[in-house]
Amino acid sequence: MGCTQSSEDKQQFERSKAIDKALRADGERAAREVKLLLLGAGESGKSTIVKQMKIIHDKGYSQEECLQYKPVVYSNTIQSMIAIIRAMGQLKIDFGHPDRADDARMLFSLAGSDDGELSPDLAAVMKRLWKDSGVQECFSRSREYQLNDSAEYYLNALDRISQPNYVPTEQDVLRTRVKTTGIVETHFTFKDLHFKMFDVGGQRSERKKWIHCFEGVTAIIFIVAMSEYDLTLAEDQEMNRMMESMKLFDSICNNKWFTDTSIILFLNKKDLFSEKIKKSPLSICFSEYQGPNTYEDAAAYIQLQFEKLNKRAETKDIYCHFTCATDTNNVQFVFDAVTDVIIKNNLKDCGLF
């Protein structure tokens, strides 16, 4: 009898040990799992950051994957040209050469029958239009209408992208614009941490879908398009895009659910901002701003406006970075710094820092 009892005890002990080991392994796994939530208004650059993670941490895009973006590159390029031509009518800008009016009519006709390809005829029409002085004048006033940030990049590359054997480069892929609907989840490993990154739709109509992503989030990366200080929303022509971003940041940063969540602020599109600030004053957005319209002064002022929204400044830090989401080296450098902050905060939580 005693022998049987001893055998049962031993089995129970082994089972208990195995359970403890499994729990420890689960705990270690959980400690190494990082959930990142990407938040920000529409067109701030969230999806571009996700694409960069694939390039930096997940072998990048194969030729086959790049080819899948070819119709998107063409669609973005064609739609950008159409947006500029339509705006010429609204802004009462004439073509530099009268023949371009025929090209504009041909653009609408050929674009309507486009099948995911850029035909030689359509490419030729777009090249002539893009060189026109009236079209260039309208492009220079793009803050007065809705135009993709990638418009100039693709239209300047018409010779290259209209070649019959064209394969999009990683830079072409990074600059594609497809509105994110729903939630896109990306997994990768970096510095012995397993990242789960959630990109959620930024337009107003998508925000109600974010809610169930919030639980157990390690950090929030909030992305702001700095260059949109002089633009209005696609969904609301009266609402300044920077003000909309600040409103959203306020609601995220001071939310009771995120008391212990690291908030990382990416002030993005710094390349576009540095060009735009030379001709479009910051006072368009911040009427009280009286400083110089230089990149350094205006960027510091925008950073300060966001940091001032943090109502828990004494106990909660906002980690701010200036980024250019289409620049792989810049994103790699910044994400390295972000990961170090996450590791440091994880060690703090474990009492090891």
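Glycine residues also receive a Cβ, built from the backbone N, Cα and C atoms like all the rest.
Note that the structure is predicted; figures quoted are calculated from it, not measured.
Summarising the annotation, TrEMBL assigns GTP binding site to 43-48, 149-150, 174-180, 199-203, 268-271, ALA325. Sequence-distant neighbours of LEU174 (GTP binding site): residues of the same chain at least 6 apart with a C-beta under 8 Å from its C-beta are THR48, LYS51, GLN52, ILE55, ALA325, THR326, THR328.
A 10 Å cutoff on Cβ-Cβ distances gives THR180 (Mg(2+) binding site) a total of 19 other Cβ atoms nearby, all chains included. Secondary structure at THR180 (Mg(2+) binding site), taken from DSSP and collapsed to helix, strand or coil, is coil. Feature annotation from TrEMBL assigns Mg(2+) binding site to SER47, THR180.
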Spatial neighbour of THR180 (Mg(2+) binding site) that is closest, considering only the binding-site residues GLU43, VAL200, ASN268 and their CA atoms = VAL200
Where's the emptiest Cβ shell within 10 Å among the binding-site residues SER47, ASN268?
-> SER47
If you count Cβ atoms within 10 Å of each one, which of the binding-site residues VAL178, VAL200, ALA325 comes out on top?
-> ALA325
